[in-house]
Each structure stands twice: as C-alpha cells, then as structure tokens.
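What Swiss-Prot lists as active site, proton acceptor is Asp327. According to Swiss-Prot, the feature active site, nucleophile maps to Arg329. What Swiss-Prot lists as D-ribulose 5-phosphate binding site is Arg26, Glu27, Asp31, Arg138, Ala139, Gly140, His141, Thr142, Glu162. The feature Mg(2+) 2 binding site is assigned by Swiss-Prot to Glu27, His141, with sequence analysis given as support. The Mg(2+) 1 binding site feature in Swiss-Prot is assigned to Glu27; the stated evidence is sequence analysis. What Swiss-Prot lists as GTP binding site is Arg250, Val251, His252, Ser253, Glu254, Gln271, Glu293, Gly294, Arg295, Thr315, Thr350, Lys355, and the listing cites sequence analysis. The Zn(2+) binding site annotation in Swiss-Prot covers Cys255, Cys266, Cys268. The region 'DHBP synthase' feature in Swiss-Prot is assigned to 1-199. Annotation comment: Swiss-Prot describes 200-397 as region 'GTP cyclohydrolase II'. The site 'Essential for DHBP synthase activity' feature in Swiss-Prot is assigned to His124, Glu162; the stated evidence is sequence analysis.
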Amino acid sequence: MFHRIEEALEDLKKGKVVIVCDDENRENEGDFIALAEYITPETINFMITHGRGLVCVPITEGYAERLQLEPMVSHNTDSHHTAFTVSIDHVSTTTGISAHERATTIQELLNPASKGADFNRPGHIFPLIAKEGGVLRRAGHTEAAVDLAKLCGAEPAGVICEIINEDGTMARVPDLIECAKQFDIKMITIEDLIAYRRHHETLVTREAEITLPTDFGTFHAIGYSNSLDTKEHIALVKGDISTGEPVLVRVHSECLTGDVFGSHRCDCGPQLHAALAQIEREGKGVLLYMRQEGRGIGLLNKLRAYKLQEEGFDTVEANEKLGFPADLRDYGIGAQILKDLGLQSLRLLTNNPRKIAGLQGYDLEVVERVPLQMPAKEENKSYLQTKVNKLGHLLNL
C-alpha cells in the first residue's frame, strides 16, 4: 500500500510528485508534495487539476525572515496551528494565478537574491512556516515537505496541495491509493517519515541521573535536554524496564497549579500521584514528566485561560480566545526519551486517545490503554465534561 521513504526521496530528487498521508486522528488527508527547488508550471498544473486543493509552499523560518513574510493573522486559531504567512506573488507576474506565474513566484521565493520588496502582498502562493525540528516536533504536511527537501539535499522548501475527490469530499486512504496507482506516484505516511528520521537522528540527551526517594517509592530519575528548545524533562524509572515486556508508562504534562498547589480546577495533581503509586505497586514502569504547562501554552497563558473560564468560556474556548489551539502539546521529544530508555511496547496510563495516536506515530506500540480516572470535584466537573465532549477524553462522568 505505502512505499518506503527512500523510494519517495528518489522520485522527489527527479522532480516528481509524491503523496504524503497523515494520521487518521489528525487531518486524515493526503497531499501532493514536490520539491520547491524543482517546481515547474507542469507540476503546478498537475496539482491544481488532480489535487484541487490549495497550493502552499512550506518553508523554514529563515526564508520567512529574509523575505519579511509576516504571519497571515496575529492570532492563529487553526485547529492544527498551521503557520500561514501573508500570501504573495512575484512582482514580475501579472495576475499571479496561472500555473506558469505560480511556478515563477515559487522559483523567485527560493532565489537567494530575492528581497521582501520583490513580492506583492496578498497573492496566490501561500507560504507556510515549518516548525524547527520538522515532523519530530509537529506531524504535519508542512513539516513533512521541508523534511523531505532536506533529506533530498535540496533547498528546504516544498510545494504541497491537498487532494480532494471529484465530488468535493476529502480524499481518504482508499481514494489516495487509487490516485497513486492512476498516476504511478509513490505514497508515504508522515508516521513512516517520523520513523525514518528517528532512526537516523537523535534530539534528546541524558544530562543527569540520580536516585530519587519519594512519598510513593524510590525511583531512578533521569534528566533530559533536547535540541529543539530549552525545555528540560525528567523520567522517573521504576524497576527493570529492559525485559522487552510492555511497560506501564504515564506521560504527564507539567501542571504547576495542580501538581504543586493542589488546584481543584483540574485533575492533574491526583493523576500524577495515582500514576506514581500505580507504577510503584507494579514494581516496574516509567513516569515521564514533560514541561508542557497548560497543554503547551505556558503558565501565564494558562492563568489567562483560567480567567476567561471564570467569565464563562470552557477550557477549549478559552485557549482559542487567546489565539491557541485546544491542545499545543507535541509528543516527539517524549517519544524519543521513551525510546532512549529502551521502550518499544507500552501500557499507557491515559484517558486521552490523541496521546495514544501521538506516541504511536513515533514508532512506539501502545498495547493497552490503562484508564487513569480521578473522582470529579465540584470545581472541575465542567472542565472534565469539556474534555470528554470536545477533546475526546474517555471518562465516565
């Protein structure tokens, strides 16, 4: 059904188009992807004729800074936080919409002599800024395109177009398979691209290891840094986790208010304590404490979100009101830490199916979801209900 990453890279180097699919629990779609360095009017025409989606150009932040490409909006409320810049046309184009002129704009975007003033705004080419770290940081088509370009040794920019069926519906995997067969195109998944990069790259470093006695038992604590940002994470390991058997794991995102101050607004503190106690009882397991405060928006923004909740917004609406998606967490670094610990098969302590999908995308097998439900308090009943209704959490309330 799917091709190897190496096969896709060979075709991309020849100027061909490939199809890249993401996870069914994310956008669940496929995009045509080509290298921007080799773009032609013919490739653009193929994409708009058979893809029917929006033609975008994933680039690095360096390109955006050099060409003064500002964000399209000041508050991005897109559910996947896709980083659109202002759209552009090269000044040499007329309307900018033809396949030839769109190709010209893309070619000039890559021209090292180009300046911001060489592009009209708005236009018909939509640059997207890829996250530093690529698909290991964000498992999206934007990052996949830039990663593929880098792996090909080309300029770090791609051209992508969503694939839509003739009836206007989004093409899903069965449709994409037929499309790939019809046009003899290689088809890969972002999950496989992540696995390929993980096999060839390491982004986390063990910095310190100690014995940590706690109220719940004694753990082996390992501190990690990573090359994507300045955040430091810690793994608390219990027992021998090198046997190859599935290991009980809790991936816990930092919550200062709940973990330290015992806030009743959430169930984070009780979940943390219950997870440590359960790992201690089993005599083997890992609690990975990730510095992703407030589902990734940070402490101060979490407090601002709490203020909005006091005004009647729920937890998802509050995030969106502040310009954030409902959940900004990524699992790439956490997955690398778990892999560094030698884990392959997990029994995951979680109520969040998205966390399962997030980790499985990084070559970790979740063989069992172990529920971690805490008794609801009067102050967090509404919060927990929103997690069920809008975030898909598996709770019995």
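A Cβ is built for glycine as well, from the same backbone N, Cα and C atoms used for every other residue.
Overlay of Swiss-Prot annotations on the structure.
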residue	record	CB count, 10 Å
His124	site 'Essential for DHBP synthase activity'	18
Ala139	D-ribulose 5-phosphate binding site	27
His141	D-ribulose 5-phosphate binding site	29
His252	GTP binding site	22
Glu254	GTP binding site	19
Cys266	Zn(2+) binding site	23
Cys268	Zn(2+) binding site	21
Arg295	GTP binding site	21
Arg329	active site, nucleophile	19
Thr350	GTP binding site	23
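Counting in whole angstrom, His124 (site 'Essential for DHBP synthase activity') lies 31 from the residue listed as 'active site, nucleophile' by their C-alpha atoms.
Shown in sequence order, Gln271, Leu272, Ala275, Leu276, Ile279, Gly285, Val286, Leu287, Leu288, Leu348, Leu349, Thr350, Leu372 are the residues of the chain, 6+ apart in sequence, with a C-beta less than 8 angstroms from the C-beta of Arg250 (GTP binding site).
Annotation for the binding-site residues Asp31, Glu293: lowest Cβ count within 10 Å of the residue's own Cβ, Glu293. Within 8 Å of the Cβ centroid of the Zn(2+) site, not counting the listed residues Cys255, Cys266, Cys268, the chain contributes Thr257, Gly258, Asp259, Ser263, Arg265, Asp267, Gly269, Gln271, Leu272. Taken together, the residues of the region 'DHBP synthase' (1-199) have an average pLDDT of 94.
Among the binding-site residues Asp31, Ala139, His141, Glu293, Arg295, the ones whose Cα sits within 10 Å of the Cα of Cys255 (Zn(2+) binding site) are Glu293, Arg295.
Straight-line distance linking the Cα atoms of Glu254 (GTP binding site) and Cys266 (Zn(2+) binding site), rounded to a whole number, equals 12 Å.
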